[in-house]
């Protein structure tokens with residue numbers, strides 16, 4: 001006799017199975033992180049200084065100085081919650097060592113190295129409790145590799161040593177993960193609301209031959225699928241969203257995913273068809289290449305094209321790279337459409353303009369920025385999360 005299973009029992013089994021899957025996904029709760037450096041400009045002309053000081057490591061430093069120019073031409077997914085600082089910095093918590101030491105890191109698809117400050121860091125960026133520092137002498141599983149690293153940035157350099165230790169991301173533990181401990185850091189890291197950077201790029205752009213974290217996850221069979229995805233949130237909430245490792249949460253979207261081929265396995269480089277403003281194909285007319293970078297809050301492109309874009313939306317230059325707009329006319333600023341893989345993605349002014357409070361005034365800053373790419377063979381645009 002075949003066992004009888006009623007429809008009600010089937011539904012109950014489905015619910016129990018789904019509950020098991022949900023329970024197997026570790027969700028790290030968000031905590032409101034207040035700025036470690038609270039700075040109120042006293043004069044309106046301090047805007048340029050504030051803008052420079054609060055820039056993340058964007059294209060000029062990341063792509064032109066860190067890496068060679070030729071690069072430019074287990075069950076279920078793990079959920080890593082992200083913090084959101086002013087819709088500009090998204091970061092989450094990982095732990096390293098035995099016993100574990102916690103650090104906030106930017107999950108950065110625009111680089112491949114994982115680094116955190118060392119307890120022996122002597123720079124101002126590591127001083128006065130601004131950032132957590134890794135105490136290797138307290139970890140039972142730490143191994144010193146005996147090699148050094150240097151990451152070069154436009155405004156300085158990051159120097160340190162290479163080590164190995166147990167890294168935990170969500171409920172996933174990586175054994176002997178190679179990582180860098182910074183001993184000397186540029187002042188550019190002082191205002192950062194994160195301790196370090198966890199690169200999610202390809203191995204070919206990793207400094208000192210380090211194995212990227214995601215490659216370690218796959219080689220140690222810690223993920224069911226070799227996949228990660230981001231769910232980024234904006235607004236006034238502290239909830240920045242999630243990094244999903246090993247899969248996709250299909251409940252977070254409607255319809256189907258639009259997959260875009262990666263054309264070069266270094267950065268996450270894709271082909272973009274065009275950029276249109278009010279139906280006019282002003283930029284990337286013959287197609288161009290773009291880098292998808294989760295570690296940058298701006299959209300960056302060649303000087304000539306970004307200048308043309310800003311002229312079309314009537315933005316005023318603050319300096320050679322940064323433009324501002326009249327906050328009173330945001331509703332009349334035209335939308336900008338990116339066509340990728342024959343599919344249109346449209347950003348409204350509310351999404352690509354950032355409002356900053358400077359003293360008693362509110363300033364609207366364009367989310368587009370230019371970079372000199374004259375030393376490179378092709379047009380390149382870098383797309384990042386930009387939301388108002």
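Residue 1 is the first one shown; counting continues down the chain.
Quick reminder: no glycine exception, Cβ is built from N, Cα and C everywhere.
Annotated features in TrEMBL:
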type	residues	note
DOMAIN	90-388	domain 'Peptidase A1'
ACT_SITE	108	active site
DISULFID	284-288	disulfide bond
ACT_SITE	293	active site
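When the Cα of residue 108 (active site) is compared against those of the recorded positions 284, 288, 293, the shortest separation belongs to 293. Counting in whole angstrom, residue 284 (disulfide bond) lies 19 from residue 293 (active site) by their C-alpha atoms. Residue 293 (active site): 27 other CB atoms within 10 A of its CB, across all protein chains.
Note on residue 108 (active site): other Cβ atoms within 10 Å of its Cβ, all shown chains, come to 25. The disulfide-bonded residues examined here are 284, 288; by Cβ neighbour count within 10 Å, the least packed of them is 288.
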